[in-house]
Amino acid sequence: MWFWTMSVVGDVWFGFSWLLNQLPKFNPVKTIPDMVALRRQYDLPDGTSTLPGIDVFVTTADPIDEPILYTMNCVLSILASDYPVDRCACYLSDDSGALIQYEALVETAKFATLWVPFCRKHCIEPRAPESFFEQEAPLYTGSAPEEFKNDHNSVYIEYDEFKERLDSLSSAISKRSDAYNSMKTEEGDANATWMANGTQWPGSWIDTTEIHRKGHHAGIVKVVLDHSIRGHNLGSQASTRNLNFASTDVRLPMLVYISRGKNPSYDHNKKAGALNAQLRASALLSNAQFIINFDCDHYINNSQALRAAMCFMLDQRQGDSTAFVQFPQRFDNVDPSDRYGNHNRVFFDGTMLALNGLQGPSYLGTGCMFRRIALYGIDPPEWRHANIVVDDKRFGSSIPFLESVSKAINQERSTIPPPISETLVAEMERVVSASHDKATGWGKGVGYIYDIATEDIVTGFRIHGQGWRSMYCTMERDAFCGIAPINLTERLHQIVRWSGGSLEMFFSLNNPLIGGRRIQSLQRVSYLNMTVYPVTSLFILLYALSPVMWLIPDEVYIQRPFTKYVVFLLVIILMIHVIGWLEIKWAGVTWLDYWRNEQFFMIGSTSAYPAAVLHMVVNLLTKKGIHFRVTSKQTAADTNDKFADLYDMRWVPMLIPTTVVLIANVGAIGVAMGKTIVYMGAWTIAQKTHAALGLLFNVWIMVLLYPFALAIMGRWAKRPVILVVLLPVAFTIVCLVYVAVHILLLSYLTF
């Protein structure tokens, strides 16, 4: 009876969950940016442009887990993007405060004097050098094909030298610091870390001290590349490689290094805190009307991407009410079969795109362009008051920053930032200090939201709740690409953080049922679906473990008549998949993507999602939130295999339920085969039918857990045919053991 009750509750929840997933797709709308119209309206005949400014934010937390080369490729793709140079600025936030990140950025700026003109001259894609040079035969669309080969070879050589310089930075900084420290005359002085200009680095030192370690140092702001109108003073490397950029724009966008101040006495608020620090610092320098943020492992894959987002922001119909434009996440390190559903196209290309028919998609953490005033918590035009009070209680005590907020609200645009001075840099360092946003509206109604693992969804929810809308932008050539965790354990850790943060949102003041006063009804349903979906895993796990009932001698029925019940379930499942087929056909998703989504949802439902629910229960009881863990982008040591990390099995406790489910289903099929042999003459036709229908469920779970079974095999999974052999052998062994035990017991009882 208890199982029947749980089954009914589970089926009711499945139906409710399905409705939550379907209702927001009531009015699906596809949107495509019109680049030709944008250029016709904003690009002038003299080569200049009237497009508004964009501040690009890049965040990195650690140079170990997030390799420097990835971060610098991200920066290079931004500097080389097809957007007016004088209206674009790139801000790199380094949460580690490490000198190696700053000096790597300086090296990147030097290499950019060669790389950026090369990209513009030959119209290459993508404009991240690591990805570009990995291509076996890059498609050429430039106007100088006879020069391309020579330029390509020269830039490739320079890029190799650039990577070597990055690799040698750690030892160079260490040797330089040792040399400077040895010249000190006073004994007992701390061993500082020294910059190339002979000054002490204000951030984390190699030999850490109390105020020079990760998590405890002053704020740092350094302008690596000033605005193009004032020049860069870097020189050009083109002459050293005999490259001709005479007819090419060699200017570079502004480039700024930021490391927000940290102090053990204050909560740093993870990524949201870093983004808010960038938001304040950029307001004092460039104060662009629009902002787009990237994780450091992403890069601009389509140089037109920034312009594409502008098509929606400047749309004369709903542009002024559009707070942000979200792009899908794409990854270029995923194995061809996408074993663990990293691309997640059913969600990105189906669910998110369909939300354009409502208020729009949610904010998904990276590759999203914002309207600055929307992040400031200002209402959309139709709800905005005439006189908005900009006070220090809400925005902080910096007078220049308060003035910049007023200018942003009044849309007072200045394409040329103020000259770099010691006073300006000091003020920027002040607004990125550890305690600047304490006792203010930052992280609540201003900026990116604090105190939750998934700051992205809650930030988008807060903006939608004010009445703003958003748009989802897809391009024929993917706008952005990044690095995904292709190792199963790392992927599941990522899922735990996302799903745990979603549950946190449900139990917070941002609950979709009560929060967001101006959110449309179906938009509210979509947010509710995003916050409660992990609960579904509890019932899936229960069903997935039910095959152990095969081990019980007597037959167990969930419903009677059992045959009609199974047929009923099959009809429902078939109907759901037909609807799924219609959705993916509309979204342009392949069957493989759809199937991988189904498989990984089963894996997650027996591991990551229950773990997230457990975390949430602990959170409610102990008030301890979801632990933030930076997803490691380091790969396995086997550099000869691009997908080596895919075959590295790293066992963690959350994989135990999935393993049990897999073993239970293998055992259930084996026992069922054994029972068929033992009771062949005793079972009625109805009993045989019940057994056959019951096995369909076991086989279905086995098929869904196929990627997990490959993960267990480790490097043997490179030959999946081995699994096809092992499973029948396992079934047969269990079957024979069951028959043998049955015979022994029968003999014992007879004796």
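Each Cβ is built from the backbone N, Cα and C atoms, and glycine gets one as well.
The model shown is predicted, which means the values in this text are computed figures rather than measured ones.
In TrEMBL this protein carries:
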{"type": "SIGNAL", "residues": "1-17", "note": "signal peptide"}
{"type": "BINDING", "residues": "GLU66, ASP95, LYS270", "note": "UDP-alpha-D-glucose binding site"}
{"type": "ACT_SITE", "residues": "ASP95", "note": "active site"}
{"type": "BINDING", "residues": "LYS271, ASP295", "note": "Mn(2+) binding site"}
{"type": "ACT_SITE", "residues": "ASP456", "note": "active site"}
{"type": "TRANSMEM", "residues": "532-553", "note": "transmembrane segment"}
{"type": "TRANSMEM", "residues": "565-588", "note": "transmembrane segment"}
{"type": "TRANSMEM", "residues": "600-621", "note": "transmembrane segment"}
{"type": "TRANSMEM", "residues": "651-673", "note": "transmembrane segment"}
{"type": "TRANSMEM", "residues": "693-714", "note": "transmembrane segment"}
{"type": "TRANSMEM", "residues": "721-749", "note": "transmembrane segment"}
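Projection of TrEMBL feature records onto the structure.
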residue : record                           : Cβ contacts under 8 Å, 6 or more apart
ASP95   : UDP-alpha-D-glucose binding site : THR59, THR60, ALA61, ASP62, SER259, ARG260, LYS262, HIS268, ALA274
LYS271  : Mn(2+) binding site              : THR59, ALA61, TYR448, GLU455
ASP295  : Mn(2+) binding site              : VAL58, THR59, GLY365, THR366, GLY482
ASP456  : active site                      : SER362, TYR363, LEU364, GLY365, CYS368, TYR448
Which residue, of the binding-site residues GLU66, LYS270, has its CB surrounded by the fewest other CB atoms within 10 A?
LYS270
Between any two of GLU66, ASP95, LYS270, the residues recorded as binding UDP-alpha-D-glucose, what is the biggest Cα to Cα distance in Å?
15
What else in the chain is close to the transmembrane segment (600-621), if you only count residues 6 or more beyond its ends and a Cβ gap under 8 Å?
340-341, 488, 492-493, 495-496, 499-500, 502-504, 507, 533-538, 540-541, 544, 654-655, 657-658, 661, 701, 704-705, 707-708
